[in-house]
Amino acid sequence: MGKALEDVRILDFTHVQSGPTCTQLLAWFGADVIKVERAGAGDVTREQLRDIPEADSLYFTMLNHNKRSVTIDAKNPEGKQVLEALIQKCDVLVENFAPGALDRMGFTWERIQELNPRMIVASVKGFGAGPYEDCKVYENVAQCVGGAASTTGFDDGPPVVTGAQIGDSGTGLHLALGIVTALYQRKTTGRGQHVLAAMQDGVLNLCRVKLRDQQRLERTGVMREYPQHPNGTFGEAVPRAGNASGGGQPGWILKCKGWEADPNAYIYFITQAPVWAKICNVIGKEEWATDPNYATPAARLPHLKDIFAEIERWTMTKTKFEAMEILNKYDIPCGPILSMKEIAEEPSLRKTGTIVEVDHPVRGKYLTVGNPIKLSDSPTEVTRSPLLGEHTDEVMAELGYHPDQIAHLRVVGAI
Ligand code: CAO
């Protein structure tokens, strides 16, 4: 079967996490992704958080599947010429260098357009145009400046960052969408364009509901579904909502059997309005279904704390999986808090290719997250990440370089 992006060639000038997330997705959809790394060193993550001496780290291998690796010194004049040849041959250049780094290499937007007017140049930066546009940014900085940290955590504690890499991987996802959209538009315009995904913007996009709540707060002074209501006070900005659910269906994390010893023996429980009567039956509070203090969503809002305490009395008598099974019978939305160990061992995730075992010549077998986006006509086969410079000769030959020229470029340190 063919692949959705099989005619697309990507010059992958990315490193660390945000850019590589994007190009890995494009590779999974069939694009030929040629990762350009610094001669002799490579992507810094190859040796970060290493668990096996001398082997590429899981950090690197899990973000660079299905790519080819070439090493080119972009600051060497002859290395620059190789890059120019690549720019002429590729459809997209993806980069997430610090602001200005690509220009300092001599590859300004104008120069790239001169070399290849059809080229799409896609960048991840920390910020868009404005006072911070020159700043370097990492994941947690993006979470802080994008509104995630100020709205995450409990009201009586400090801001908290989340384990989901919404700044890096989240922005990589945004960039990938921008790239395929630009490729689509190029079909009619014949022109390339610049695609920018700023990490602050990407995080803010994922925090959209919190900007909604900011405006509701300014208008009404109170948000009835937040745990601060009715006893706490609201300030000028959206407060941290603990484990409250983001929408109009109140939810909370509740203890399950074994919580004293198991840090993940919890379940997320949503008191969805249409199944309120069923919830009352399951937890043995049948009278709440008709009691005017509990019967309607609006009446329940001031009592959410008591309601969840009562539901928790029930969930604590069941394991999280038992509770899930019982609640699902009644269509009550809930979800066990799964540990990474449980997720890694979950057979259904292996079956769908969401968790994949990959073999690597140096590190051996390891688990990775496969393509989370499934296309029926473009199936993904996850192949291992490349060794540093593994495909330099192959790609140079495709660019038309003779073996003697390749040997010369190696001697002068251009590749
Ligand atoms: N040949 C020669 N030089 C190369 C090269 C190559 N193949 N690849 C990279 N370099 C050079 C760059 O040209 C740059 O040189 P100058 O500083 O002289 O311009 C230098 O390597 C360092 O690049 P950098 O500034 O991007 O890297 P850093 O480690 O200092 O910063 C990061 C890393 C992530 C903070 C920065 O790249 C950044 O802000 N990127 C944009 C936002 C982003 O993607 N952040 C998420 C990262 S994932 O957590």
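Quick reminder: no glycine exception, Cβ is built from N, Cα and C everywhere.
TrEMBL annotations:
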ACT_SITE  Asp168  active site, nucleophile
BINDING   Gln17, Ser18, Arg38, Asn96, Phe97, Ala98, Arg104, Lys136, Val137, Tyr138, Glu139  CoA binding site
BINDING   Gly247, Gly248, Gln249  substrate binding site
Taking every protein chain in this structure into account, which of the recorded positions Glu139, Asp168 has the most other Cβ atoms within 10 Å of its Cβ? Asp168
DSSP on Glu139 (CoA binding site), three-state: which is it? helix
DSSP, reduced to three states, assigns Arg104 (CoA binding site) to helix
Roughly how many Å lie between the Cα atoms of Arg104 (CoA binding site) and Asp168 (active site, nucleophile), rounded to a whole value? 24
Most isolated by CB count within 10 A, of the binding-site residues Gln17, Gln249, is Gln249
From the binding-site residues listed here (Phe97, Gly247, Gly248), select those whose CB sits under 6 A from an atom of ligand 1. Phe97
One should report the C-alpha separation between Gly247 (substrate binding site) and the residue listed as 'active site, nucleophile', rounded to whole angstrom, as 25
If we check Cα distances from Gly248 (substrate binding site), which of the binding-site residues Gln17, Arg38, Phe97 wins as closest? Gln17
